[in-house]
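Working notes for the structure below.
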Amino acid sequence: MILFHLIKKESLQIFRNRTAILMMIIFPILMIVILSFAFKSSFNTTTTVPQLKVSYQLEGTETDYQKSFVKFLKTLNKELGLEATVSKNLSADKQKVSEGALTATLEVKSDKTIKVTTNRINQQNADLVRMLVDTYVENAKTYDSISDLYPTALNNIKKRTVDYIKTTSIQTSKGMTSADYYAISMFTMITFYSIMSAMNLVLSDNQLGTVSRIHLTGVSNTHILLGKLIGGMFATGVQLAILYFFTRFVMQVNWGSHHWQIVGVTASLVYLSIAIGIGLASGIRNESFLMLASNAIIPVFAFLGGSYVPLSTLNSTFINQLSTISPIKWVNDSLFYLMFGGQTNPIPTTLVVNLGLGTIFILFALIRMRKQVTA
């Protein structure tokens, strides 16, 4: 019952802060509307096969496996327009890959393995190349297995012209639009800004001496901390729910069908953000410095997370590598994966990082609170 009252107190404290309400609800709605219309033409709703350029190298004397792979590349050139050239300098070609001039380098080994080198500049192209190579490797393994077990059946396989499997293509109703992108990017950015709300919960209690008075009633530090954590998460969750319903039903944003997974990934970022705010406010006593630093650092993490512009449009290897330090980037990638699919699933990493870092900040805050009581 005590914990319930503490959660209620912290939640109401956030809802009474008009600045927080403006920041967490009205501001992102305006930004989504403005940015969606401003960059509408930059998002093509029709999906086309991207231009792929690869360089390949055959190890040793050309084998039948390698000859088949070269034929496979020629087929991809006809079907998908993939440009494949023989590598004259593998090191130089790998440098071109890192700069974005080439999509990938392919090293076809004599032991029937293929080493693929891609970059993070355009993840869609890299994923497509890896998928195509994986498809070839799996088919080759199947062919080799049949050759070993049933060699006489190979001629029948080669002669067979009947299609036992009929493939059809289902066109989705729409691709990613500017409204889809900025709904997600603003959604996660504002979630990360709940760091400020969590810091205010601690700082206001320190100014008013609320914690000292609560301690006199026999309430433990653990209850106080849980009250702030759960209360902050609840208030942030309500604000995000409003933003979600607005984008879904007013902006017609495509949130996909994995609703519970989206809730789980978002909740992990809410947990991390509230934990960071509580931890920083518990450890740093200088309120002015804390607010100034937060207002300077959070936008940097938002930029690295792609909140303002998609990082792929910048074509910068350095920024793409640096973006991995931003929790917003990992959550954005996870939500886009749930909504639009992809080859690489970032969700496990996202959950581990968010929950792990959040727990560290919570433990730090608990230690600081105990030291303040004993001091």
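Glycine residues also receive a Cβ, built from the backbone N, Cα and C atoms like all the rest.
TrEMBL entries are annotated by machine, without manual review.
In TrEMBL this protein carries:
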type     : residues : note
TRANSMEM : 20-39    : transmembrane segment
DOMAIN   : 147-372  : domain 'ABC transmembrane type-2'
TRANSMEM : 181-203  : transmembrane segment
TRANSMEM : 224-246  : transmembrane segment
TRANSMEM : 258-282  : transmembrane segment
TRANSMEM : 289-309  : transmembrane segment
TRANSMEM : 347-367  : transmembrane segment
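With a cut-off of 8 Å between Cβ atoms, the residues of this chain six or more beyond the transmembrane segment (181-203) that come close are 10, 13-14, 17, 20, 23-24, 27-28, 31-32, 35-36, 39, 43, 228, 231-232, 235-236, 239-240, 243-244, 247, 251, 253, 266, 269-270, 273-278, 280-282, 287, 290-291, 294, 298, 301-302, 305-308, 310, 327-328, 331-332, 335-336, 339, 365. A Cβ distance under 8 Å defines the sequence-distant neighbours of the transmembrane segment (224-246), meaning residues of its chain 6+ beyond its ends; these are 3, 5-11, 13-15, 21, 24-25, 28-29, 186-187, 190-191, 194, 197-198, 201-202, 211, 214, 255, 266-267, 270-271, 273-275, 277-278, 362, 365-366, 369.
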